[in-house]
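Going by Swiss-Prot, these are the annotated features:
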BINDING   Leu119, Gly123, His124, Leu125, Ser370, Pro371, Phe372  (6S)-5,6,7,8-tetrahydrofolate binding site
SITE      His227  site 'Plays an important role in substrate specificity'
MOD_RES   Lys228  N6-(pyridoxal phosphate)lysine
Amino acid sequence: MNMDILQRQDKGIFDAITAEVRRQTETLELIASENFASRAVMEACGSVMTNKYAEGYPGKRYYGGCEFVDIAENLARDRAKKLFGCDYVNVQPHSGSSANMGVLFAVLKPGDRIMGLDLSHGGHLTHGSKVNFSGQLFEAHSYGVDRETGCIDMNKVEEMALEVRPKLIICGASAYSQGFDFKAFRDVADKVGAFLMADIAHPAGLIAAGLLNDPMPHCHFVTTTTHKTLRGPRGGMIMMGKDFENPLGITVKTKKGSRTKMMSEVIDAEIMPGIQGGPLMHIIAAKGVAFGEALQPEFKDYAVQVRNNAAVMAERFSGLDYQIVSGGTKNHLMLIDLRNKNVTGKVAENLLHDAGITVNKNMVPFDDKSPFVTSGIRIGTPAMTTRGMQESHAENIVGFIDRVISAADSEGIEKVCAEVRSDVKAMCKDLPLNDFGPE
């Protein structure tokens with residue numbers, strides 16, 4: 001990507017970007033929520049569509065001159081519908097959090113009750129955390145995982161729902177390595193008259209590839225990010241398998257009186273003008289590019305390899321006496337409890353960073369340490385699989401990580417990190433980014 005003009009005009013930003021290019025090229029990216037977007041996606045992100053205001057929706061804009069951004073947004077919507085097999089898509093949310101906010105604001109009033117997976121058990125801030133709008137504006141109740149199995153117990157979810165009687169149940173996670181039984185969640189939601197929202201931000205690419213349970217037949221709403229396993233630009237999206245008349249009593253005036261608004265109309269209005277103004281048309285164009293890529297047969301091959309690599313890593317870690325929360329993985333990530341290794345997540349993250357391996361510290365279920373220290377790390381395979389990682393590489397990477405963590409308290413840790421970093425650089429040369437990530 002040519003940056004001659006930027007180099008001449010703003011050396012500070014140019015130097016920061018150049019350093020980030022070097023970091024992405026020469027280190028192993030194992031943060032589960034990160035990936036490498038294609039050059040085509042990045043070109044769309046940097047296109048002239050960043051200059052265009054387009055409040056509203058295709059064919060119903062508040063600004064003139066939107067005929068070409070309309071084409072881009074319609075392509076993005078149509079491709080997303082085909083990719084996920086759904087009737088309704090809104091590609092305008094700026095982020096996954098914006099998408100979740102749009103749904104919550106559309107169907108809830110302040111003080112309404114919601115249920116979501118506890119943040120410390122693998123959930124997300126927007127699923128009811130007290131430091132987030134979802135836990136401040138609404139009465140949030142959190143379900144967790146079983147202490148013994150590390151998995152969600154649907155019997156306990158049902159018990160809580162029957163006691164709490166929430167208006168919305170959220171099923172989804174940011175650090176949970178098992179799949180979700182969306183049908184079972186819908187059965188619970190129906191028993192208490194609740195809406196059901198699936199947040200598939202993490203496994204969206206695997207779901208699109210048909211490798212995990214499909215939420216569309218069971219959930220009223222499905223939200224996602226467009227990066228992570230979808231390998232697109234940073235952004236959000238809201239979907240519905242089938243549109244339906246809203247049961248909230250929201251109507252619209254017509255020439256003959258009034259009619260009940262479809263739920264799609266309610267969601268659209270909540271995104272714009274409810275919580276956003278002008279959409280990011282350059283990002284929406286890039287979303288369309290990414291969805292087009294995900295519709296190609298090669299994307300399923302990629303998704304299969306993502307899951308295979310994760311399974312191999314989890315098995316190898318277990319063989320080295322690392323505790324994988326829930327006992328293994330069925331998706332792209334794993335959460336490792338390091339308490340039996342006497343290393344905190346913070347220490348592990350920092351030491352691995354010194355060795356050229358990027359992970360994130362993460363709380364584990366029933367953690368006794370703060371979110372700034374944690375007892376675990378989260379590891380994912382999407383980014384390295386984009387670079388061409390196969391099972392043999394995955395096994396070697398586990399070996400790199402084990403060498404560092406095993407020496408964490410030793411006097412020779414600096415030497416170990418330096419040796420691993422040398423091995424990491426060699427692997428990175430064998431796994432070039434090619435058409436993905438920085439040049």
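Residue numbering: from 1, along the chain as shown.
Keep in mind that glycine also has a Cβ here, set from the backbone N, Cα and C atoms.
Feature annotations (Swiss-Prot) mapped to structure.
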residue : record                                                  : Cβ contacts under 8 Å, 6 or more apart
Leu119  : (6S)-5,6,7,8-tetrahydrofolate binding site              : Leu125, His127, Gly128, Ser129, Ser142, Met363
Gly123  : (6S)-5,6,7,8-tetrahydrofolate binding site              : Gly116, Leu117, Ser129, Ser142, Gly172, Ala173, Ser174, Tyr176
His124  : (6S)-5,6,7,8-tetrahydrofolate binding site              : Asn100, Gly116, Leu117, Gly172, Ala173, Ser174, Asp199, Ala201
His227  : site 'Plays an important role in substrate specificity' : Ser33, Glu34, Asn35, Ala37, Pro233, Arg234, Gly235
Lys228  : N6-(pyridoxal phosphate)lysine                          : Ala32, Ser33, Glu34, Asn35, Ala201, His202, Ala204, Gly205, Pro382
Ser370  : (6S)-5,6,7,8-tetrahydrofolate binding site              : none
Pro371  : (6S)-5,6,7,8-tetrahydrofolate binding site              : Ser120, Met363
Phe372  : (6S)-5,6,7,8-tetrahydrofolate binding site              : Lys346
| What does DSSP call Lys228 (N6-(pyridoxal phosphate)lysine) in the simple three-state scheme? | helix
| query | Taking the Cβ of Leu125 ((6S)-5,6,7,8-tetrahydrofolate binding site) as the centre, how many other Cβ atoms fall within a 10 Å radius? | reply | 17
| query | For Leu119 ((6S)-5,6,7,8-tetrahydrofolate binding site), which DSSP three-state class applies? | reply | helix
| Most distant Cα pair in Å, residues Leu119, Gly123, His124, Leu125, Ser370, Pro371, Phe372 binding (6S)-5,6,7,8-tetrahydrofolate | 17
